[in-house]
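Here's a structure for you.
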Amino acid sequence: MAEHESLEFGKADFVLLDNVSLEEFMANLKLRFEKGRIYTYIGEVVVSVNPYRAMNIYGRDTIEQYKGRELYERPPHLFAIADAAYKAMKRRNKDTCIVISGESGAGKTEASKYIMQYIAAITNPGQRAEVERVKNMLLKSNCVLEAFGNAKTNRNDNSSRFGKYMDINFDFKGDPIGGHINNYLLEKSRVIFQQEGERSFHSFYQMVKGGPESLLRSLHVSKDPTAFNYIKVGGHIKSTIDDGGDFKAVADAMKVIGFTADELQTVYKVLATILHLGNLTFGVDGDTTLIENSKVVAVIGDLLATKEENVEKALLYRTVATGRDVIDKQHTAQEASYGRDALAKAMYERMFCWIVGRINDVIEVKNYDAKVHGKNTVIGVLDIYGFEIFQNNSFEQFCINYCNEKLQQLFIQLVLRQEQEEYQREGIPWKHIDFFNNQIIVDLVELQHKGIFSVLDEACMNVGKVTDKVFLQGLNSKLANHAHYTSRKLSPTDKSLEFDRDFRVRHYAGNVVYSVVGFIDKNKDTLFQDFKRLLYNSSNPVLKVMWPEGKLKITEVTKRPLTAATIFKNSMIALVENLACKEPYYVRCIKPNDVKSPLLFEHERCRHQVEYLGLLENVRVRRAGFANRQEYPRFLQRYKMISEFTWPNHDLPSEKEAVKKLLQGCGFEQDVAYGKTKVFIRTPRTLFCLEEQRTEMVGRIVLFLQKVWRGTIARMRYRRMRAAAIILRAYRRFKVKSYIKDVNRKFKNVRSMKDHGKHVKWPTPPKVLRRFEEALRSFYNRWWAWMLIKDMTPEEKLRIRAKGATLEALKDQRPDLGLQRTWEGNYLKRDSPDTASSFTLVSSELQRKDKFMRVLFSCNVRKINRFHKAEDRAVLITDRHLYKMDPLKQYKPMKSIPLYNVTGISVSPGKDQLVVFHTKDSRDLVVCLKGMMPAGDSRIGELVGTLLSHFKR
């Protein structure tokens, strides 16, 4: 049971209901459906309610949650049952089977697909190519069988119209290595007739709507399903089914499985032939029966690869052997129509059985030697029609309901047997359980000489004209005293039964009235030998294989073929014997409503299904002794926190003793029994009390674990941070030392180097020493500069400072600063040697007069006067004044500006020698330096640097 699921979703296991009654059962089922919980347990049986919507509970994450888990460790799910069957097969080497039952539309086919999907997902962890191939084949076979064996009914858009039992074979590693499919009672009458609102088999509509134009042309088939009598009822229905997309998916699946192109083409030809047969009409000309649309016969002959006249003869005549003579007996129009319909049904059934056989040829285990490869174990999956009660119940419904009687009998027997065996295995006293044994109904159907099938077979073997009425009379005479059989003749006052037509069987699931109309014909399942010979003699080898009995000549005596009832009875007996030798698991499917609504839960509809599935009886059997049982280790693992003697670990002699101590401490020792390996709990209330105590303790334990874990994490984090800090500190110290050593090594001998270490590459400092490195570089640069200037004269030092000032002020501002040449300062003496004596005289006079210490700069200049005429002048700059002189008048001073009145100097960014001296009285002096030797020299840099250096000092 899934104890951890909240009670707001109802009881996850019906065994845990407080009172076992139909009302409580239905209320719990409804609550879980409304809460979106479509699965519920009855012990180890899963009850599944069709949700009629897509649910996100079948993905890879969900598969991982159920893989290797016990049933009660997770909420109820199909995957839990599939995993339990797989574990039993793998661990205990047992053959197992999963029986899926329920009425049409309850979700049986979907359930079988999800089980297959789960088994495929959890096997072959080693990704062996052969195993992957087998898994792919098994999954693809579902797609193919659905196309040819399923149809849209009023109850279900994808209703299985046949029973299917699939064996999956596993090797000793638990990986699938093959399989085998058995099919039961295909509803072939659907080929020629469907009720209003229903369709024939999907395959017809897929081919008509999805087949390519070229294929349909070759088959003489149009894209309009209403053009064909056999499928036109379904052709008018608007459906959400994607027939076009499904056609491609089925064709691809058949190719993957291994169907050849010729085999695939033959399948399409058989489908097309059946459609054309439905359009054949017969008329009468006097005493002669004729085919009114003979062109269709030519098409059928072409599709069947046989002569047109042979097809026409088989449809209109029947060859009869009388002693040594062979005569052709002409059909009446009615007989011809019957033969046509019988041929259509037989062709579809043979094709379906052939497809199943071809799939088996591919997936069956080959060359497996148990001595070499280990034991070959099996999981069987049975997806078979559920109990059916229609307005008009005929031979098919009778067979289906007989099948369900057999499976219900097996179900009760196996559940009881499993219970009894478990009690005996564990040493718990077994009490007899009263239950309805439906063996009496099974005998009513299958008993030799007295059963309904035997009476039907006897009626079919009678000579002369045998009618359904004769069959009913035989039933009335042989079963008059049977408690579960009645008819109008035996109950004249029961007006729900028609005279000479109806009989009623009281099944375990309820009373069903059957109409005997058609029982004889359907049981005989007559197909004229002429059709078998016609198809066997086809030049199509695939078609020939489907009809092996056609090789017999008309004069060759053959024994009477088995009737449909006998074949079905034998197959059911074999199926039940096969299931009985396996360990069974059950999925019981329920249909919540008839309108396919995800919200509607029809109480009466569901109650009827619960009754005929025997679910309440199943709960009573399971509850008759002990509601729950668990192995000691797992029980202890789940509940040990409740007792101080078992938490966190016990020191008792065994786990059994530990469980006893735990239950005694809780006061439940009167409500339990102790087996050899399991503890048995009688009432659900005890289990709920244990769960409540566990839930309370788990909260405390979680808080305690959180506290301890958070403390542990904090300590671990602290230790990591402390270790990191120590490592970081040591690493930093190491990097600092390494850097200092590296610098020391590289700059050790810079004093003796020619460039005093300017070429030495500085090592990269660690991040922490970036600012230290900047300071160190600054110290070095100062030292290096001092080493350069320490031996210079005062005049040289002044020039160096001036150049530094120039670089600082005009770097990247002008292209040529004149830094590469020697700065002389006083250029008037050098540039004008003829007038040098006059300049010397004037400068001496000015020095005496203005008391300046030295000449900073002198140069010839050109000036534009106020009349916009260029005039040659000279500029003399001393440490006190700026003089403008006239070189043409022996350098007579024209203007004297004290240096403290000069507020700034402006130069252009070009190569020109233009200078503007800004003064406080805004009478700026604008001149252009000239007379440079050599020509092209620039003295702007020298002028700016000299003045800046002087003012800084």
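Each residue, glycine too, has its Cβ placed from N, Cα and C.
Just so it is clear, the model here is predicted, and its values are computed rather than measured.
What TrEMBL records for this protein is below:
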- 9-695: domain 'Myosin motor' (DOMAIN)
- GLY102, GLU103, SER104, GLY105, ALA106, GLY107, LYS108, THR109: ATP binding site (BINDING)
- 572-594: region 'Actin-binding' (REGION)
- 811-953: domain 'TH1' (DOMAIN)
Note the Cβ centroid of GLY102, GLU103, SER104, GLY105, ALA106, GLY107, LYS108, THR109, the recorded ATP site, then list each other residue of that chain whose Cβ lies within 8 Å of it, in sequence.
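Apart from the listed residues, the neighbours are ASN50, ASN156, SER159, GLY386, CYS589, LYS591.
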Which residues in the same chain, at least 6 apart in sequence, have a Cβ under 8 Å from the Cβ of GLY107 (ATP binding site)?
SER48, VAL49, ASN50, CYS589, LYS591
Tell me which of the binding-site residues GLY102, GLY105 sits in the most Cβ-dense spot, judged by other Cβ atoms within 10 Å.
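Per the Cβ count, the most surrounded site is GLY102.
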Just to be sure I understand, if DSSP states are collapsed into helix, strand and coil, how many residues of the domain 'TH1' (811-953) fall in each?
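DSSP classes over the domain 'TH1' (811-953) add up to 41 helix, 50 strand, 52 coil.
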What average pLDDT is reported by the model for the region 'Actin-binding' (572-594)?
86
If I restrict to non-local contacts, at least six residues apart, and a C-beta distance under 8 angstroms, what lies near ALA106 (ATP binding site) in its own chain?
SER48, ASN50, GLY386, CYS589, ILE590, LYS591, GLN609
Counting every protein chain present, what is the number of Cβ atoms, excluding its own, within 10 Å of the Cβ of THR109 (ATP binding site)?
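Its Cβ shell of radius 10 Å holds 23 other Cβ atoms.
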So if I measure Cβ to Cβ from SER104 (ATP binding site) and keep only same-chain residues at least 6 apart in sequence, which ones fall under 8 Å?
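Expected: THR153, ARG155, ASN156, SER159, SER160, TYR385, GLY386, GLU388, LYS591.
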